Amino acid sequence: MSLFEPFQLPFMARALVELVILGVLAGTVGVLVLLRRLAFVSDTLTHTVFPGVVIGYLMAGQDGVFWGALAAGAVTAVLLTVLAHRRRVSEDAALAMVLTSLFAIGVVLVSQRTAFTSDLTQFLFGRILTVTQEQLVQTAVVTVLVAALLAVLRRPLMLRTFDPEGAAAAGIRVGLLDLVMNVAVALVVVAAVQAVGTILVIALLIVPAAAARALSDRLVFIVPLACLIGALGGWLGLAASYEASVYHGLRLASGGTVVLVLVVLYGVAALAGAVRRRVGLSRARLGTPELEMTR
Amino acid sequence: MTQQQDRTAALVLEQASVAYGHVPVLEELHGTVRSGEAVALIGPNGAGKSTLIKAILGLVPTVRGRIEVLGVTPAQARRDVAYVPQADTLDPDFPVSVEQVVMMGRYRKIGWLRRPSAADRALAAEALERVGLSDRAKNRFGTLSGGQRQRVLLARAIAAQPRLLLLDEPFNGVDAVSQHALLEAIALLKQQGAAVVVSTHDLAIAHLACDEVCLLNRHQFGFGPTDEVLTPERLRATYGGHALELRGDRVIVTQT
């Protein structure tokens, strides 16, 4: 398999750059999602951005997709934060309702179109190979914004994630911080929507973070590892789908291939993590027997 | 009470009632804790001990009366108040080292962006030393035993240099070594002039570590010096007549 040759084609190069930036963005936010156990909340966000994408597209065509997604993402981020803090309904049930009803709105809207199936496919699974220069810039801007936001808020975010009561006791405004967190997730979904679609973005968020967590117990390593794994998955996935499509007559959808490669990378990381833990344990047992005794 | 006396008061409850929304949880609390003193909050499960701690932190509103912390309102006093949650409420899988947890106690002083200074590091190291866990600084928090995790959380509070320390059931399920370490660290904080509020089920610990006791079960059943307040009659009233056993000078509540 050729890992470099396909990217001499401009459209493949743009796709690669887009996925590498997305990998870094989703990897960073994904670690927080993982630690806060917000996977389902994030999944809800990916579905609720969908009607925004459809409305944006119907109103302004391809250019409207980003702004439609942004509007829907912002609204849902607020909605989910309020919902989580009120807890009127069981959170899971409430999320499932929000998720499906907004998704249904999107489906109903898109079904008005004559090109129903092809539009739906595009919104759900993205079109990574048609990414434009302008979309690259959008993704890069969102990435810089989110990274800066998380860097500035890293201490309150860490304290809130680890110990919510302690954070509130220390005067941190937990509700506001949760809103920022949900907005960050929404921004990832918005940035990724045209490239990988609303459905597959959840994999970009969760899988690299989970793989990085399996490899390390330290946040200073977990975050860069998640970014690296996300970017690596994008590169290998694109190369694999190109190879299969061009040389073997197998049409592999790029978005789906990227996700599958990420899952394989997770498998490798989980295995490596298990080995590392086993070795670490036996080393601890052999190395410091007197410590065990005094505990 | 005159203003003069109030000056050393770290915590003042004045006919204070605390409520979640419209549901009153605690009513008519009255008492004072001075700097360098410790008070034990004692009462059955659901008595409102945790709620009182949250009210002192300004996280649950005082609907009637007044709660004054270090001479100001609870919200204004937060900078000088440290809170120690129960260790088993925290995620043991969280990728954070013991020394990072202790450093969280310095976050308020460090701010959001600045790197921890040498002084911050020294204070964190000293706090960890005080709970006897310096050798575990690099370990992941979740790999420690329950008692050790509780000590790390106390070290985090010590690192914040509080004038009022609030501990929520710190002795629950804690081994003897850790219990001893916690008591020693709390005693030293008191010596250095901090006031301590600690909720507990363990009356022996209240006797051992606290100057005052607040008996709670929705209402206050006594607030004052430990020896005067921890009487079988008052305890029976607080616990709603559940059986009590007396063993020498120790009182044990058999059912909470």
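Keep in mind that glycine also has a Cβ here, set from the backbone N, Cα and C atoms.
Here's what TrEMBL has on this protein:
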type     : residues  : note
TRANSMEM : A:12-35   : transmembrane segment
TRANSMEM : A:40-59   : transmembrane segment
TRANSMEM : A:65-83   : transmembrane segment
TRANSMEM : A:95-116  : transmembrane segment
TRANSMEM : A:136-154 : transmembrane segment
TRANSMEM : A:166-189 : transmembrane segment
TRANSMEM : A:195-212 : transmembrane segment
TRANSMEM : A:219-240 : transmembrane segment
TRANSMEM : A:252-275 : transmembrane segment
Of A:12-35, A:65-83, A:166-189, A:195-212, whichever stretch has the most CB pairs under 8 A to the transmembrane segment (A:252-275): A:195-212
Other parts of the chain folded back onto the transmembrane segment (A:195-212), taken as Cβ under 8 Å at six or more residues beyond its ends: 15, 18-19, 22-23, 26-27, 29-31, 33-34, 39, 42-43, 46-47, 49-50, 53, 122-128, 131, 135, 139, 185, 188-189, 221-223, 225-230, 233, 255-256, 258-259, 262-263, 265-266, 268-270
Folded-back contacts onto the transmembrane segment (A:166-189), same chain, C-beta under 8 angstroms, at least six residues removed: 22, 25-26, 29, 32-33, 36, 38, 41-42, 45-46, 49, 69-70, 73-74, 76-78, 80-81, 84-85, 142, 145-146, 149-150, 153, 156-157, 159-160, 198, 201, 204-205
Distal contacts, the transmembrane segment (A:136-154) - CB-CB under 8 A, six or more residues away: 14, 17-18, 21-22, 24-25, 28-29, 32, 66, 177, 180, 184, 187-188, 190-192, 195
Contacting positions for the transmembrane segment (A:95-116) when only residues 6+ beyond its ends and CB under 8 Å are counted: 40-41, 43-44, 47-48, 50-51, 53-55, 58, 72, 76, 79-80, 83, 89, 123
